[in-house]
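Before any comments, here is the structure.
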Amino acid sequence: MDGNHSGGLGLVGDIGGTNARFALVEFDGQDPRLIEPTAYRGEDYGTAEDAIEEYLRKVGVKHPDQAVVAVAGPIDHGQVHMTNLDWRISEDGLRRAGGFRNAKLINDFTAQALAAPRVGPKDLRQIGELPTSGEGDLAILGPGTGFGVAGLVRRHGQEIPLATEGGHVAFAPVDDVEIEVLRALTRRLDGGRVSVERILSGPGMEDLHVDLAAAEGRGVEALTAKQITERAVEGCADSLATVNRFCAILGSTAGDIALTLGARGGVFIAGGIAPRIIDILEKSPFRERFDSKGRLSGFTRSIPTHVILHPHTALIGAAVALTPEGRAAVS
């Protein structure tokens, strides 16, 4: 791809703990357009390079000029060992596998942050009474296989993403039920530390389902996160209680992150779980818990919250990172 992207194709990727998604990207002016976005199960491939080679064969493109791949995990000197998938990925390895002139790894929620201001109203669901704001810094967070967190600093017309590992901060219970959940998770981890990701994720929802019942002195059928969310939507009492508690904890955590990042411009919830439970989330204690910050409740009450419904937000953000402005922001 040349400097203004005319006539060329790039490759973008979004590799999480469960799925690896890829697309070709071309630019219409400064706006990226995704071509043939495709998802693969990570467990079906030995390496990320294998999945990329399969995708390039599928679309019949040999050597896109540049690539940006968003990954779930901390990147160190152009390398990452995935947090929830046993893949080691390097920029050098990507360049060799795809024949790219340049290849860049970015955090998956850095990509979400770059994309958030570009998501249109039809792909957003407002949670609470406040509409989106065109000003102020943003927080982007969300549960999926893990729990991702990023910020977006907006200054003087520039947007600078802030990569974090905020999903691994300690879980802070707010009532007796959540204290019992914390105790149960601590025992399950042999006395280990309980991060918010241990609850606000697909695997975390499965543990929460069991631990909430145990807190009431009873057992419950062990279910997958997919089963819990589906049954909750259908009205199953136990599953609905789990999802409501999940949403409440998500609200508390999102409010804490908004305070930490000073996200006056809004909080965006991304990831695979929130869109599946969106109607429950709207009616849940999410916003009440988000606002409930003691002496700083006035601060959080002024912050809008939205769920991102677009299925390829991280790919859009990776495409933004191919632009000159995006490259500068993630360099």
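Even glycines carry a Cβ here, placed using N, Cα and C.
Summarising the annotation, Swiss-Prot assigns ATP binding site to Gly13, Asp14, Ile15, Gly16, Gly17, Thr18 and lists sequence analysis as the type of evidence. Sequence-distant neighbours of Asp14 (ATP binding site): residues of the same chain at least 6 apart with a C-beta under 8 Å from its C-beta are Ala20, Arg21, Phe22, Val69, Ala70, Asp108, Ala111, His312, Ala314, Leu315, Ala318.
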Tell me the Cβ neighbour count for Gly16 (ATP binding site), meaning other Cβ atoms within 10 Å of its Cβ, over all protein chains shown.
25
Taking the recorded ATP site as Gly13, Asp14, Ile15, Gly16, Gly17, Thr18, identify the other residues of that chain whose CB atom sits within 8 Å of the mean position of the site's CB atoms, giving them in sequence order.
Asn19, Ala20, Arg21, Gly42, Ala70, Val71, Ala72, Leu85, Asp108, Thr145, Ala314
Taking Gly13, Gly17 as the binding-site residues to compare, which has the smallest set of other Cβ atoms within 10 Å?
Gly17
